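One structure below.
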Amino acid sequence: MKNKYKEKNLKQLYYLPITIWLTIFFMIPTLIIVYFSILKKGVYGGIKSYTSFSLDAYRELLTPELMYITYKTLEMSIIITFIVVIISIPTAYYISRSKHKNLWLLLIVIPFWTNFLVRIFAVVGLIGNNGIINRFFMTVFNLQNPIPMLYNKFAVILISVYIFMPYAILPLYSAIEKFDFSLIDAARDLGATKNKALLKVFVPGIKGGIITAIILTFIPAIGSYAVPDIVGGTDGIMLGNIIANKMFVLRDWPSAAAISTVFIIITIFTLIIGGKNADKQ
């Protein structure tokens with residue numbers, strides 16, 4: 001009995017550091033953001049006072065402009081997530097079955113060692129008006145003007161797919177490595193076609209990896225700031241840019257906090273849905 005009590009206390013002690021970390025760097029900042037979102041904006045920016053409560057910031061979220069940008073942010077995030085996962089599944093499958101998997105994994109991990117902004121500008125150098133791709137098309141197809149691939153939604157989606165793909169490939173690779181491929185052979189022996197075996201046996205078998213890939217792509221995509229700020233122009237603006245503008249340019253802290261609160265709710269909702277699906281598996 002005494003040993004069990006000791007073991008229980010030790011377990012609680014192990015959880016203490018992460019509990020303190022999450023409380024200081026997650027729970028408290030989150031509560032501050034939510035609190036600021038229900039305060040009145042000051043005459044010269046910031047907040048009026050710590051006791052001047054108002055829901056004006058949330059009412060502003062219902063304006064046509066912010067509703068449209070919210071819709072566009074969700075739309076682009078879903079498209080980015082869909083493309084990333086669809087490409088990452090066969091990529092992870094190929095890596096797991098390859099004889100040179102260690103080399104491929106190294107190539108997947110290398111971008112993590114490179115600065116985020118450097119990776120963005122590397123792609124800008126490829127798809128810009130004077131980039132390699134446009135020069136190729138102008139030379140081969142004798143085009144008079146370059147194809148506009150920057151400062152629009154296309155550029156945001158393309159670069160985001162490139163940036164977030166490693167986050168999806170790694171959990172998918174891990175799930176595929178654990179998958180028992182003899183199940184596909186068994187399905188084929190029972191009369192299933194190759195495509196049907198993959199769809200009915202393989203995909204459900206790596207469901208946990210797919211859910212993790214979706215979460216690791218969708219959450220950073222929906223909160224993206226740097227990519228739309230650099231290559232989005234007016235067409236590719238997202239809510240992350242609106243938050244930065246309201247916080248640092250307009251100094252409308254309650255409005256920025258209200259939009260951030262919506263982000264937090266979407267993130268928590270995504271994690272809950274993903275967790276429930278993972279538990280079902």
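In case you wondered, yes, glycine gets a Cβ from its N, Cα and C as well.
Note that the structure is a prediction, hence the values are computed from the model and not measured.
Copied over from TrEMBL:
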DOMAIN    70-274  domain 'ABC transmembrane type-1'
TRANSMEM  12-38  transmembrane segment
TRANSMEM  76-96  transmembrane segment
TRANSMEM  103-128  transmembrane segment
TRANSMEM  154-176  transmembrane segment
TRANSMEM  197-219  transmembrane segment
TRANSMEM  256-275  transmembrane segment
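Long-range contacts of the transmembrane segment (12-38) within the same chain: residues 47, 53-55, 57-58, 253-254, 257-258, 260-261, 264, each at least 6 residues beyond the stretch ends and with a Cβ under 8 Å from a Cβ of the stretch. Within the same chain, residues 30, 33-37, 57-58, 60-61, 66, 70, 211-212, 214-215, 218-219, 222-223, 239, 242-243, 246-247 sit at least 6 positions outside the transmembrane segment (256-275) and bring their C-beta atoms closer than 8 Å to a C-beta of that stretch.
Most Cβ pairs under 8 Å with the transmembrane segment (154-176) belong to 76-96, among the candidate stretches 76-96, 103-128, 197-219. Same-chain neighbours of the transmembrane segment (197-219): 77-78, 80-81, 84-85, 88-89, 92, 164, 167-169, 171-176, 179-180, 183-184, 187-188, 267, 270-271, 274, 277-278, 281, counting only residues six or more beyond its ends whose CB sits under 8 Å from a CB of the stretch.
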